[in-house]
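**Q** Straight out of TrEMBL:
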- 234-245: compositional bias 'Basic and acidic residues' (COMPBIAS)
- 246-261: compositional bias 'Acidic residues' (COMPBIAS)
- 727-747: compositional bias 'Basic and acidic residues' (COMPBIAS)
- 811-913: domain 'Small-subunit processome Utp12' (DOMAIN)
- 228-262: region 'Disordered' (REGION)
- 727-752: region 'Disordered' (REGION)
- 62-103: repeat 'WD' (REPEAT)
- 104-137: repeat 'WD' (REPEAT)
- 146-187: repeat 'WD' (REPEAT)
- 188-229: repeat 'WD' (REPEAT)
- 415-455: repeat 'WD' (REPEAT)
- 496-530: repeat 'WD' (REPEAT)
- 591-632: repeat 'WD' (REPEAT)
- 633-674: repeat 'WD' (REPEAT)
- 675-707: repeat 'WD' (REPEAT)
Amino acid sequence: MGLTKQYLRYAASAVFGVIGSQKANIAFVTMRGGERGRFVAVAACEHVFIWDVRKAEKVLILKGNKHEVTYLCPSPDGIYVAVGYEDGAVRIFSLLNGESNVSFNGHKSAVTVIRYDTLGSRLVTGSRDTDVIVWDVINECGLYRLKGHKDAVTQALFLKDKNLLVTSSKDSFVKWWDLDTQHCFKTMLGHRSEVWGMALLNQESRLITGSADSELRAWDINYLQEVSTEEEAGEPKEKKGKSLLDDDDDEEEEEVVDESPEERILSCKKAGSLLREARDRVVSMTTDAKAKVLACHVSIDLLMLVQSYLPSSNSDLLSYISQITNVMCAAALWCRDAQHAEDAPEPVVERKLANEIVRLTNIKASANIRWVDCLMCAGGELKVAMLLQNNTVETYSLKTSDKNPTGIKTSRLTLGGHRTDARTLAFSSDNIAVLSASGDTVKVWNRSTLQVIRTMACDYALCSLFVPGDRQIILGTKSGKIQIFDLASGTLLETVDAHNGALWSLCLSPDQRGIVTGGADKTVKFWEFELIKDEDAAQKRLTVKHVRTLQLDEDVLCVKYSPDQRLLAVSLLDCTVKVFYTDTLKFFLSLYGHKLPVLCLDISHDSALIATGSADRNVKIWGLDFGDCHRSMFAHDDSVMFLQFVPKTHLFFTAGKDKKIKQWDADKFEHIQTLEGHHREVWCLAISPNGDHIVSSSHDKSLRLWERTREPIILEEEREMEREAEFEEGMDKGDEPVVPGENKDAEAAPAAKKTIETVKAAERVMEALELYRSESRKMEEHQIACQSAGKHLPPPKANPILVAFGNVSPSRYVLDVIKKVRSSELEVSLLVLPFPYIPDLLSLFNCYVQDGLEVELVCRCLFFLLRIHFGQISSNQMLLTVIDELRINTISKVREIRDVLGFNSAGLQFLQREVESKEEIMFFADATGLLKEKRRKRKKRERAILTIA
């Protein structure tokens, strides 16, 4: 059966126009061969862009799938970047090649925080679903899920030398977790509102928390094991005085803090407060790698930098404030009587928060700050990167060693995007240039390279077009003016006062001799192009001349010529569309039926159909001969913002506030395909004159390019794919997997979650076990037939699946299927398996261990299955012998593997010592240190040469 009508698929081609999305943070990264502080990573919708701030260009794109990026965290070694997404997934990308080989899926909603531990082997993630999950990066699996918070997690920090974790949340609590036992041993209750950020200072002996009020709270952390050791050694316990910055009600807050006598790990008491200048809530808090400088910012354009001078012991404290001590002693001795001078006690030096944490400086950005990251470089130079709310990245540099350091702006990324949403788009006649205009600028892009050709300042633009010849562009603004720009010089040629209200729509006449405009002043005006010569100019320039005016009763929202220039369609605020004759401006038709105003309309190339899109979410198709409504279709889940026919066809595209772009057939009244990709409302789109490209603009600041492919669309398959996507989305929102015998309300739970991938993996394992059973049954029947015949019969025909995998045995095929399951999804996939498959799987595990095949993977699967099916396995008499054999074989094989690893490790250490003693060279960490020292000396020598020159 052939296709009666062929539709070609449009596919996403590129994302441009966005410098940094507001949902995710900004982070300094290190690229191969690049200096520190030169590259920053920012989210760009579902992708991650790596920007070179010195050259203001993209050097790497980490491509995502379809969900928006919500958090970034580079690894301690600088090679990888962990990226969290809106759907709760976490992917780890390599900065060397931009590929992702590790992914975790455990959260139900957006990831709000990601942190690596010191070695980079573990990862902690927090989410809006209130859960905290610890992941094993090396083994690529989840360790455990920590439950306890009642609202979104805002921050999570590993402690370096201790297996502890501290988390903060919007439920106003800060929780301390013991990762050895996976339970919360302390909850801090000293905040009146949400805790939006926190940081560890002074070698993790001080915690700074930021809340919705105007103070930063400081907490002293005492590790009780260390305290008890010091007391046994006879060292005096440090005495702490009250800070001058403390409020009168601090004592009440200290009483609220949970100080249970059963604490055996640490104690946390409030040390004081730092008052901020701004009254808005803290948005984020971050420190440099050594926690010397703390950056705290609010939603306004002010960033506060605080430097920590926290001493590590009493002796360091006394040396730090020795000047204050001398002044106090001198004042005390001056007032004492000479005979009592020797007997009087020396003044007590109190440890004050104001002396330990000093405000460094404030940095004022050019717009409101969304995210901040800081990096301490050589020579005490602090680099600060800011992601602003107007789609801009700024970097600052300051010397912390100066007496009064000031932030110096070093770079600003603005060229690659608009500061506000692009509200109008247009294609040039040669399909090469793309025009986008926003509230302050108009940009012209090269479609093939996606580079900006021209950037010109303008008023708030609402509509635009290229003048025939593509040398000038015309904009209609919110103030009712027409602005004409010259592309060659990038200058504004003329501004014409066209309407008294907003100029909502303009359209080029089919004879290309003029334009028509419609505005909020209830008028439609006709203009003709004209070349005039200024007195001070040598060449003529383009202008527009007003020739006619059509007065209407309501505000005009959209105007459109019919391609034959016989009719003019005007959309009004009274929910109707009026059609007039172009030559006489006489009324022809009134199209009424929409319940809300028509925001967009377009006429087909043969002037036979007119399609209208309204705020009532419907699209109506009308005939222009009699004005009859052919069909009304529910198009979007929100207002239809834009509509345009594909040139020379009866196919048209619509864009809506529901973040979707849809293609329709105006003849068969069918929905063809949906283009998903934008994460906010879609404002407008433009189709190239040849129909091969579409560009769209959204509230997420991004411009997206779509290309027409040669792949045909079968509508039945398209509907089936949509139903499968809905089913998979519903499955992802399912409950967490329940492990038999475990408490569902416990603080610790399994990390992974049930997804469509885990279900498919379990199905593949079950299919492999079914194949193994059938092949085993065939072999048994073949052996029985050979015995009864008394001779060797030809073997049965091999299964085509086994032949496709290289004639492997059925047992080896099952192992290959298990190996292909992602490490992070293995436990959940095994949890889905029904128990009737478990006996066969345990028998296969015994064979694998005996043969030494994938012993580590088999032991991991074995221990998990024993834990979740312990009751059924232990009560099954048939499995007792299998379990006993597994016990013996696994212990022996694991010992063999451990002995081999120990022997190899000892041999490598011996070879290292031999090579170092013979050739007098150092390996690994020492070699890295020598290389850095060599580079530092070379740079110093180059600077000296430049100074002499």
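Just so you know, glycine gets a Cβ as well, placed from its N, Cα and C.
Unlike curated entries, TrEMBL annotations are predicted automatically.
Quick caveat, the model's predicted, so the values are computed rather than measured.
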**Q** Using a Cβ cut-off under 8 Å, which residues of the same chain at least 6 positions beyond either end of the repeat 'WD' (104-137) come close to it?
**A** 23, 70-73, 75-77, 80, 82, 84-92, 143-158, 160, 165, 167, 169, 171, 177, 179, 733, 751-753, 755, 757, 824-825
**Q** Do any residues, 6 or more residues outside the repeat 'WD' (415-455), come within under 8 Å Cβ-to-Cβ of it, and if so which ones?
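**A** That would be 14, 16-19, 56, 58, 367, 390-392, 461-466, 468, 470, 473, 475, 485, 487, 490, 683-690, 692-693, 695-699, 701, 703, 705.
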**Q** Counting by DSSP secondary structure, give me helix, strand and coil numbers for the repeat 'WD' (591-632).
**A** 0 helix, 24 strand, 18 coil
**Q** Please give the average pLDDT for the repeat 'WD' (675-707) in this predicted model.
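**A** So the average pLDDT across the repeat 'WD' (675-707) works out to 94.
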